[in-house]
Amino acid sequence: MLYKGDTLYLNWLEDGIAELVFDAPGSVNKLDTATVASLGQALDVLEKQPELKGMLLRSNKAAFIVGADITEFLSLFLVPEEQLSQWLHFANSVFNRLEDLPVPTISAVNGYALGGGCECVLATDYRLATPDLRIGLPETRLGIMPGFGGSVRMPRMLGADSAMEIIAAGKDVGAEQAQKIGLVDGVVKPEKLVEGALAILRQAINGDLDWKAKRQPKLEPLKLSKIEATMSFTIAKGMVMQTAGKHYPAPITAVKTIEAAARLGRDEALKLENQSFVPLAHTNEARALVGIFLNDQFVKGKARQLTKNVETPKHAAVLGAGIMGGGIAYQSAWKGVPVVMKDISEKSLTLGMTEAAKLLNKQLERGKIDGLKLAGVISTIQPVLEYSGFDRVDVVVEAVVENPKVKKAVLAETEDKVRPETVLASNTSTIPISELASVLKRPENFCGMHFFNPVHRMPLVEVIRGEKTSDETIAKVVAWASKMGKTPIVVNDCPGFFVNRVLFPYFAGFSQLLRDGADFRKIDKVMEKQFGWPMGPAYLLDVVGIDTAHHAQAVMAAGFPQRMQKDYRDAIDALFDANRFGQKNGLGFWRYKENSKGKPKKEEDAVVDGLLADVSQPKRDFTDDEIIARMMIPMINEVVRCLEEGIIASPAEADMALVYGLGFPPFHGGAFRWLDTLGSARYLDMAQQYQHLGPLYEVPEGLRNKARHNEPYYPAVEPARPVGELKTA
């Protein structure tokens, strides 16, 4: 053994060939700050070996290196810029030393090589991979850019276009694509990986492969003519601005850095990467996006913990076909849980099966599946008009019309048709679960399971605990949702649960703005372009359905009369009375026509102004800041109330439910992250300017207490120790 650290070791393999093996104590290798320092120490030893002829880099885990340790990021981002820059310089000096070894080097890469893991293997001369490889640089999705030389080495290896496509989008690619673009030199079976890597290394040592020529382009400026460079970077910048937009500075910064470094050698180019990385790491966007990653891990970890002692349902059933039922049935079958889909109408069953078939056909068209797989999945969805097959299902989700009487009747009838241990769930979006449970003999086996439309795209499933719901029931439904590839978040029961409860105060803020003379077009524009929502409130209401929103608004008003009962006729009422139900019938706030792809495209419709004039004061202009404040304060206040009342368990779960269920702009990180970034004291000052607008604008007492001490909702993060000192670690 030449060197042994906590996460890697260095050993002789055979005659003059050393192996450097990443082998962290946990289940995966991460390139954390300690591992980077340890890599430097291993290289100290390696550089002193006079008999060294070659070096093989590999991993002892199922994945090579999953990336940097993102749990370190928030504390690293708080380190002063100069110190962070120093540490990056130190880290890059380690990778440069790996690249500059006076012998040929190869990485034997299995599984994931992401972020720092990818940057590490880019520093070796050759890369041999297994078929399960996923390699790439996802940093821009975390609000930063590659910091260990990825933006320097990858363009010089692959060419600017291929590298920018991976770096700007935060992409990873599989083995076949990686070999095609030159990111790896070959792909072999896992059992042949080390043997194959050694064979390449021996050829390089013997002079059959020119490893110095392979290394040289990574040390030199990018080989691009002036015209090629102009075209390449102009197109890339245009595309990045179009897709990422102004709210995500990392992708455009990465492209501009690659452009600026194109005519420089490696060491000067790395200085530019350093200069670009450090300011990005100090942005609110980076903190928010890293926060989302960490929250996602927290939520998924909680789901794993909840389900560790229960068996995942093997057979499921859906009550109510149609678009939603068909979507749930498809998702369950697609992920390997056969499903019985029941409806009382042949027409609805056909609609549900058509929806499932349509989604499978899309997978077929994209080349994700073949005809055999399509037939196999569709055959596991059994459409029935009666209860045949219900005696063998483990879980049933009801997705019939949003009417308490209908739902109660269907649930009570179904309870008599299933085994005593079968779990029942309702896909209601607003009706309290404890109310629906009142007709059941086994309320402990019942909970809410709120999917979001379209089911196959929306990651969130709210799992709602009723008054009498057992822990085992919650665990089984969470297990099924996880098996379906969803992110389940457990919430306690109340009208609207969490997501709809906080959405309708937002819609109420919108209605009040319209009442006071604001133009819905401007509101949509401000909330989309300035705040960053994927859809403005008018557009979102049209997509949800004005009739659906009108009904849900009444349910929410009955549930929270003090705040959500209104004493005026609003825009939703006016459109509902005029039979303008949104996208579903082509007329809402906007008019909809099908585009060439058969998707609804919104257009302006002057008729709506006349309808809104009846429920609005004369038109007046509001500033962007006023619109954002009046829209967001009711939502934020309600989110805080939900935390204070125990409807949602933590700020992390609240933020993930908003991002995954409503499309809350990820660069804000969610409601609590946005609140912490703004500062509770500043938020209180802003909200108090609008408290005359009514109870929705009154800040909850718990938030007032936080504001008095300017406390955050997320635990305070301490800056990492002066990371420049890691040079001597």
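Cβ atoms here come from the backbone N, Cα and C positions, even for glycine.
Copied from Swiss-Prot, the annotated features are:
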type	residues	note
ACT_SITE	H450	active site, for 3-hydroxyacyl-CoA dehydrogenase activity
BINDING	D296, N500, Y660	substrate binding site
BINDING	M324, D343, V400, V401, E402, K407, S429, N453	NAD(+) binding site
REGION	1-189	region 'Enoyl-CoA hydratase/isomerase'
REGION	311-729	region '3-hydroxyacyl-CoA dehydrogenase'
SITE	E119	site 'Important for catalytic activity'
SITE	E139	site 'Important for catalytic activity'
Cα proximity to E119 (site 'Important for catalytic activity'), best match among binding-site residues D343, V401, K407, N500: N500
Among E139, V400, V401, H450, N453, which are recorded as recorded positions, the nearest neighbour of D296 (substrate binding site) by Cα: E139
For N500 (substrate binding site), nearby residues of its own chain (Cβ under 8 Å, 6 or more apart in sequence): S429, T430, A552, M556
Substrate site span - longest C-alpha distance across D296, N500, Y660, in Å: 21
Whole-number Å value for how far E139 (site 'Important for catalytic activity') lies from V400 (NAD(+) binding site) (Cα to Cα): 43
Cα separation, Y660 (substrate binding site) to K407 (NAD(+) binding site) (Å, whole number): 26
Cβ-based isolation winner (fewest other Cβ atoms within 10 Å) among the recorded positions E119, D296: D296
Secondary-structure category, per DSSP, in which Y660 (substrate binding site) falls: helix
Residue among binding-site residues M324, V400, V401 with least C-beta crowding, 10 angstrom cut-off: V401
Cα-nearest neighbour of E139 (site 'Important for catalytic activity') within the listed recorded positions, M324, E402, H450, Y660: Y660
Assigned conformation of H450 (active site, for 3-hydroxyacyl-CoA dehydrogenase activity) - DSSP reduced to three states: strand
Segment confidence, the region '3-hydroxyacyl-CoA dehydrogenase' (311-729), expressed as mean pLDDT: 95
Cβ-Cβ neighbours of Y660 (substrate binding site) (radius 10 Å): 24
Lowest local Cβ density among E139, D343, E402, which the record lists as recorded positions, within 10 Å: E402
Number of Cβ atoms other than its own within 10 Å, given for K407 (NAD(+) binding site): 23
DSSP-derived structure type at V400 (NAD(+) binding site), helix or strand or else coil: coil
S429 (NAD(+) binding site): tally of other CB atoms within 10 A of its CB: 22
